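Report on one structure; see the data block that follows.
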Amino acid sequence: MCGIVGAVAQRNITPILVEGLKRLEYRGYDSCGVALHVDGKLERSRSTARVAELEKQVAEAHLEGFTGIAHTRWATHGAPASHNAHPHFSRGRIALVHNGIIENHDELREELRAAGYEFESQTDTEVIAHLVDHLYTGDLFETVQLATKQLVGAFAIAVFSRDEPHRVVGARRGSPLIVGIGNGENFLASDALALAGTTNQIVYLEEGDVVDLQMQRIWIIDANGKQVEREVKTVQAHTAAVELGPYRHYMQKEIFEQPRAIADTLEGIESITPDIFGDKAYGIFKKIDSVLILACGTSYYSGMTAKYWLEAVAGVRTDVEIASEYRYRDSVPNPNALVVTISQSGETADTLAALRHAQSQGMQHTLTICNAATSAMVRECALAYITRAGVEVGVASTKAFSTQLAALFLLTLTLAQVKGRLSDEKEAAFLKEMRHLPAAITAVLALEPQIIAWAEAFARKENALFLGRGLHYPIALEGALKLKEISYIHAEAYPAGELKHGPLALVTEEMPVVTVAPADSMIDKLKSNMQEVRARGGELYVFADGDSRITTSEGVHVIRMPEHYGLLSPILHVVPLQLLAYHTALARGTDVDKPRNLAKSVTVE
Ligand code: HGA
C-alpha cells in the first residue's frame with residue numbers, strides 16, 4: 001500500500017526520501033512522487049513508473065532541499081496517473097501526501113470549490129491539501145489540527161508549507177505513521193523500515209496524534225489536544241532482511257525461509273504455558289467459552305485451519321469471520337469469547353476496525369497473532385503472539401502464513417491445556433512434532449524440481465480447481481489464492497465433497513484439478529471425489545503423502561510428500577502450493593513480487 005517519507009534536516013534530504021521510498025516499494029504501488037522546499041518555493045517530481053525512474057527525474061532536475069515529503073501511491077480514488085500521484089499542492093503554498101481514504105471528500109470538495117479552489121486530480125487527498133491551505137493560519141501545526149478535525153475516514157498525512165521552510169507536520173488516524181529521531185534532523189514515515197540506515201530511534205504515533213517536526217525537536221499533540229511525550233524505541237535495522245541474496249524474487253526467498261521462520265517463531269517454547277501469550281493469558285483463557293477469529297485474505301485461511309484444530313483438540317467452539325464483513329454486520333456479541341485477530345502487518349485496516357468493533361460490543365478478551373511487534377494490533381489487544389517470520393516483502397504472503405499456523409497451533413495446545421484436554425504425553429509429542437517442522441519443510445522444499453515440471457503445464461491454462469477436505473480445505477483455498485494472485489490464472493477451491501453440488505460442471509479435459517491428499521481420515525472420501533473428476537476427463541495433480549496410496553496413472557499426476565504429518569500436515573502441504581504458484585507465475589512472466597492491482601499491508605478499507 002501507499003508509503004510516506006518526510007524529513008527536516010540541514011542537509012540535502014532527497015537521497016533519504018528516495019531511499020525511503022525504495023524500501024517501501026515492496027508494498028506495491030502504482031505511482032510515486034517527491035516534493036521539496038527549494039528557494040522559497042515548492043518543487044515536485046512525480047512518476048507512474050518505478051521509484052528508480054523518479055530518482056532519475058529528480059537527479060536530472062537537480063531537485064535538492066532540506067525539507068520535504070515523498071510518497072508511493074496505491075490508487076483508491078482516481079486512476080493511477082501522474083496528476084493523481086502525491087504530493088498534492090494547494091495554491092503553491094501547501095504540499096501534502098496521504099495514506100488512507102477520506103470518506104467525506106465529496107462534501108469537502110464542494111465546499112472548497114465554492115471557496116474558489118480548483119482541483120487537478122480525482123483524489124480524496126487533494127481535498128486535504130486545499131483544506132489545509134483554506135484554514136492556514138500561518139502556523140502549520142495549528143492548521144493541521146484544525147483541518148484533521150473536519151476529516152472523516154482513515155489517514156496518515158505529511159504536509160509542509162512554503163511559508164515555514166523548516167517544518168513538516170504529520171497526523172494519523174487509522175493509518176500508521178512513525179517519527180524517526182536523528183541528530184539535529186527528524187523524519188516521518190509510514191513504516192520504520194523506510195528509515196533503516198538513517199535512524200533506528202523511532203516514536204510510534206498513536207491514533208489521533210498530530211506531530212510537529214522541526215530539526216531540533218518534535219512536538220506531539222494527542223487526540224484530546226494535549227501535548228504528550230511518546231516513548232522513543234530503538235528498532236532493529238531490517239536492512240539485511242530485505243536483501244534478495246541468491247534468489248530471483250522475494251517470494252521465492254520467503255518460501256525457502258520457512259524452515260528458519262518457523263524455528264524462530266517457536267524459539268524458546270520449552271513447554272506449553274499460557275504465559276507465552278502474555279501475563280494476563282491464564283486469567284483470560286480460563287474465562288473464555290469460545291473463540292472468534294477475525295482476519296482477511298491469507299490470514300483468514302490460517303484462521304479457518306485453526307478452527308479445525310481448536311474444536312478438535314481444545315474442544316473450544318470457534319467462529320472465523322472475514323473482518324471486512326464482521327465490522328459492518330449486526331452480530332450477537334459474546335463477552336466470553338476470545339477474539340483473535342490475525343494480520344501479518346498488524347495494521348490491516350479491516351481487521352483493526354473489526355477488532356475495535358468487537359471491543360465496542362463489550363468483547364474485551366483479545367489476542368493478536370501478528371508479525372510486527374510494534375503494530376497497532378499488538379498495542380490494542382490484551383494478548384499477543386508475535387510470529388518471527390521476519391520482514392515479508394513479497395505481496396503474496398508465504399512465510400507469514402506458515403508461521404501464523406505454527407502460532408495458532410500453540411494457541412490450540414494452550415487452550416487444550418487450560419481446558420484440561422492436554423495430557424503431558426500429548427504435550428510432549430506435539431512439541432516434538434513442532435520442533436521437527438523446520439526439517440520436515442526442508443524436505444518438502446526439495447520437491448521443487450517436480451513442481452517446476454507441473455508449473456510448465458499450468459502456465460498454459462486459464463483456470464484451475466483446488467480440492468481439499470477437512471483441515472486441508474483452507475490449504476486448498478490458500479493454494480488457489482496464491483495462484484490467482486501472482487499468475488492471474490482463475491483458480492477456485494472447494495471442499496471436495498461440494499464438487500457434485502455445482503463446480504463439477506466446470507470439469508473438462510482442460511481443467512487441471514489440484515488435490516491436497518494427505519493420508520488422513522478423509523482420504524477415502526477424497527479418492528471418491530477424485531474419481532468424479534476423472535470420470536469427466538479432468539486432469540488431477542495430487543499432492544499425496546506416504547500412506548495416501550495414490551499412484552500416477554493416466555490423467556493422475558502425483559507428487560508424494562516426504563512424510564505424513566498428522567494434525568500439523570497443513571503447514572507442510574501449503575509449501576508445494578506456494579511453489580506451484582511461484583513457478584507458474586515465473587513461466588508466465590508476471591511480476592511475481594508486485595502482482596498487478598495488489599499491495600502489501602492493506603492499510604485502507
Ligand atoms: N486515497 C489516496 C491514498 C490511497 C492509499 O492510501 N492507498 O494505500 C489516493 O487514492 O491517492
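Cβ atoms are placed via backbone N, Cα and C, with glycine included.
Among the features that TrEMBL reports, active site, nucleophile is placed at Cys2. Residues annotated as domain 'Glutamine amidotransferase type-2' in TrEMBL: 2-216. The feature domain 'SIS' is assigned by TrEMBL to 281-421, 454-595. Residues annotated as active site, for Fru-6P isomerization activity in TrEMBL: Lys600.
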**Item:** Pairwise Cα distance for the residue listed as 'active site, nucleophile'/Lys600 (active site, for Fru-6P isomerization activity) [Å, integer]
**Value:** 9
**Asked** Quick one: DSSP breakdown of the domain 'SIS' (454-595) into helix, strand and coil?
**Response** 69 helix, 32 strand, 41 coil
**Prompt:** So for Cys2 (active site, nucleophile), how many other CB atoms are inside 10 Å of its CB?
**Reply:** 29
**Item:** Secondary structure content, the domain 'SIS' (281-421) (per DSSP, counts of residues)
**Value:** 66 helix, 28 strand, 47 coil
